[in-house]
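Copied over from Swiss-Prot:
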BINDING   96, 97, 98, 99, 100, 101, 102, 103  ATP binding site
């Protein structure tokens, strides 16, 4: 007789403490140099040798198992169907709230995975490039909802992922500038048949409304082979966002070309009040309505504590 609580019996995830997860590293070698951490770390995120050893090396080992299994299945299916397709990349999605540390996780994974043997080609793309230009958002009256699902050019993003998954070459994605807070006209980044593609964005696990006529309506996560959701309590996210806003006020916002240059001369009190207002009006609403509900769709959940350190890991059961 199973005497576990119902929420444990029916939990689709296996949950590991940090210590339990760290032991799963086994003999996975450390391939990053200490000097690389600053380059991989986002502003005010936490990344050190211990975090990589305890969290990211076990994850790298797990992903190597998943990628190898998918490749063997892919080749077996091709043999069964007697077809010769182009190379199909393995796509990993990284999701989570603003200020949670998605970019750091994505960059660390890219660095670790690219040093597997043999050396795979690992590319990284963010969904920021698929936001509508500011002029379009203004025209549609949704500039205050930038980052919400409706602010993305979903057909363009789905077309991009479809081309990548089909193994097409020289697939282009738009470029986004965090300085101007807008799409850069006539600039593109090219993705050319990677072995692994990491796709990072707040809403990459978002689902659409189910059609009444039964027709297939693709969503971004349909193209993912593995997905990571980075989780943290709202109070921590709010604090990290405010801290980041204050740091940007003293750095990037001082650039006259910055979209947020008007905030550069705010006092600490004014900047904090502004950051709280932006958080509550935009980021918190997006988190509660659109981002957090997608957490149960992830393959793996990294739960961070108040100091940006991962405290537990939840892995979806096969």
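Cβ atoms are placed via backbone N, Cα and C, with glycine included.
Those residues of the chain, other than 96, 97, 98, 99, 100, 101, 102, 103, with a C-beta within 8 angstroms of the mean position of the ATP site C-beta atoms are 202, 230, 237. Annotation note: residue 102 (ATP binding site) sits in a helical segment as assigned by DSSP. Cβ neighbours of residue 96 (ATP binding site) (same chain, under 8 Å, six or more residues apart in sequence): 102, 202, 229, 230, 231, 232, 291. Each of the binding-site residues 97, 103 was scored by how many other Cβ atoms lie within 10 Å of its Cβ, and the smallest score goes to 103. Residue environment of residue 101 (ATP binding site) contains 25 other Cβ atoms, counted within 10 Å of its Cβ in all protein chains. For residue 98 (ATP binding site), the number of other Cβ atoms no farther than 10 Å from its own Cβ, over all displayed protein chains, is 19. The Cβ of residue 100 (ATP binding site) has 26 neighbouring Cβ atoms from other residues within 10 Å, across all protein chains displayed.
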